[in-house]
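Undergrad: Found this in Swiss-Prot, in case it helps:
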{"type": "BINDING", "residues": "G14, S20, I21, Q41, D65, V66, I93, K163, I192, R193, T194, L195, A196", "note": "NAD(+) binding site"}
{"type": "ACT_SITE", "residues": "Y146", "note": "active site, proton acceptor"}
{"type": "ACT_SITE", "residues": "Y156", "note": "active site, proton acceptor"}
{"type": "SITE", "residues": "R204", "note": "site 'Involved in acyl-ACP binding'"}
Amino acid sequence: MNGLMNGKRGLIMGVANSHSIAWGIAKSLAAQGAELAFTYQGEALGKRVKPLAAEVNSDFLLPCDVEDIGSVDAVVDAIKERWGKLDFVVHAIGFSDKNELKGLYADTTRDNFSRTMVISCFSFTEIAKRAAELMSEGGTMLTLTYGGSMRVMPNYNVMGVAKAALEASVRYLAADYGSRGIRVNAISAGPIRTLAGAGISDARAMLSWQQKNSPLRRTVTIEDVGSSALYLLSDLSRGVTGEIHYVDSGYNITSMPTLEALRVADAD
């Protein structure tokens, strides 16, 4: 099926490089005809994003710092001026002090807790509120979460709390905007080698563990996530909102490692 996103215009937030999950999503959308705008934070990231945007025939790049609400407003104003409307938004933004992702969650500082929540969670609500004003004919919103929102994951700490709040936000925003034909969903992806993932200690070991213990016995790719995002952002999912869609090779359904892994652990 081709042309699923023909005539659709959307904003992609969170591309850092060619390994970003947001980039995998952007490629899938562009391949189906979507016209894309990209945000970036700072000149260094802007230099990385510009050639990627060009690969999908986009010259619409906008600086954005989600900690500065004026910056968010400027992005929405620029989209309104150029396009007049918006069909979808992809929010792939998260941050926490990596030094506080190690050790005890209880040692999280007040400052890092607040900043993590604003960037990783509340920014989606602020963007959704403004984007909705450009979706007079309906639209879709998508954010990214992780299994650490539901279960304790090593070296994730306050990010797990932020992702749990983000998932709750998805449900409340879906309820807020459903009557206006605006759908809101999230993808919970398994661990992927990304710039953000590099901030998590022992990320390589976590990737290996999922590969060995998920039902599909493999990790996921940005292309896997991109395909699911295409479904959630297109009319194929027109009856779906408020959902957390797992793309993790089925790891979320497991409660124990494989028997092989248990035997190895027992032998140790």
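Cβ coordinates are placed from backbone N, Cα and C, and glycine is handled just like the others.
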Undergrad: Around the Cβ of D65 (NAD(+) binding site), how many other Cβ atoms lie within 10 Å? Please give the count over every shown protein chain.
TA: 17
Undergrad: Return only the integer: C-alpha distance in Å from Y146 (active site, proton acceptor) to I21 (NAD(+) binding site).
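TA: That separation, Cα to Cα, works out to 12 Å.
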Undergrad: Pop the Cα-Cα gap between Y156 (active site, proton acceptor) and G14 (NAD(+) binding site) into the table, whole Å please.
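TA: With distance taken Cα to Cα, Y156 (active site, proton acceptor) is 19 Å from G14 (NAD(+) binding site).
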Undergrad: Cα-Cα separation of R204 (site 'Involved in acyl-ACP binding') and I192 (NAD(+) binding site), in Å?
TA: 9
Undergrad: If you measure I93 (NAD(+) binding site) to Y156 (active site, proton acceptor) at Cα, how many Å is it?
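TA: Cα to Cα, I93 (NAD(+) binding site) and Y156 (active site, proton acceptor) are separated by 16 Å.
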Undergrad: By CA-CA distance, flag whichever of I21, D65, I192 among the binding-site residues is nearest to Y156 (active site, proton acceptor).
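TA: Its closest listed neighbour, by Cα, is I192.
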Undergrad: Going by DSSP, give the three-state secondary structure for I21 (NAD(+) binding site).
TA: helix
Undergrad: Where among the binding-site residues I21, I192 do you find the Cβ with the fewest other Cβ atoms within 10 Å?
TA: I192
